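Novice: According to Swiss-Prot:
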BINDING   Ser10, Ser16, Gln17, Ser18, Met91, Tyr92, Asn93, Phe94, Thr135, Arg136, Gly137, Gly138  FMN binding site
Amino acid sequence: MSRLLVLKSSILGDYSQSNKLVDEFINHFDQQQIVVRDLAQQPLPVLDFQVATALRAAGELTAEQQAIVTLSDTLIDEIKAADTLVIAAPMYNFTIPTQLKNWIDLIARAGVTFTYTEQGPKGLIEGKKAVIVTTRGGIHKDAASDIITPYLKTVLGFVGITEVEFVYAEALNMGDDFANKGLASASEHLAALTA
C-alpha cells in the first residue's frame, strides 16, 4: 500500500469525521508517497452537456473541451500512479457527496478506464486496491438504506478496481455514546489495515 491517492469529499472540511479518520489512517504512511485531492476544496465540474461531449468528442477539440479532457486525464493518471485509493465517502441523504460523484464521472471513460467486449464490460485499471471510509449519522451497514457500498463496489469494479475494503463509522448522530463507539470501531479497522 505504498503509493496512496486520497480522495476527500466531505463539505465539512476540518469538522468532517471522514476526513479525520482518513488523516489518521494516512499518517501511518510515507507522506512523500501520498497524493491528496480534496474534492470539496478543489471542486470538479458537474457532468453536463459540455463535459459529456468533451469526454466523447472525436477529432479536433475546442479549448474548453481540451481543458476538460486534460483534467480527466490528470485524474486518471493519479489513479494509475497509486497502489491504493483511500476514499472518504460520507453518507449524504443515503448516497455519496456530489463532489465524489463528479470525480467518478470524470474518471469513468470508455476506452480509457473501461471497455466493452463480447463478454461484457472490462475495467482497464488493474492491480489497484481501494479503502473506503464511509461515515453515517445512523446505522445503515447491511441494510437496504446503504446505497453507498454497492454503488462504489460497482463503479470501482467497472473500471477494474475490485479489491475494495469498506470501513464504516456509523451512528455518529445518535448521541455521544453511539458516535464514540462508531468512531472507535472505524479507527480499529483502519489500524488493522496498516499492520
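Going from the start of the chain as shown, residues are counted 1 onward.
Placement of Cβ uses the backbone N, Cα and C atoms for every residue, glycine included.
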Novice: Would you measure the largest Cα separation among Ser10, Ser16, Gln17, Ser18, Met91, Tyr92, Asn93, Phe94, Thr135, Arg136, Gly137, Gly138 for the FMN site and round it to whole Å?
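Specialist: Pairwise Cα check on Ser10, Ser16, Gln17, Ser18, Met91, Tyr92, Asn93, Phe94, Thr135, Arg136, Gly137, Gly138 gives a maximum of 17 Å.
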Novice: Quick check: in three-state DSSP terms, what is Thr135 (FMN binding site)?
Specialist: strand
Novice: Counting all other Cβ atoms within 10 Å across every protein chain shown, which of the binding-site residues Gln17, Asn93, Thr135 scores highest?
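Specialist: Of the binding-site residues Gln17, Asn93, Thr135, the most buried by Cβ count within 10 Å is Thr135.
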Novice: Out of these binding-site residues, Ser10, Met91, Gly137, which one has the fewest other C-beta atoms within 10 Å of its own C-beta?
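Specialist: Across Ser10, Met91, Gly137, these binding-site residues, the one with fewest Cβ atoms within 10 Å is Gly137.
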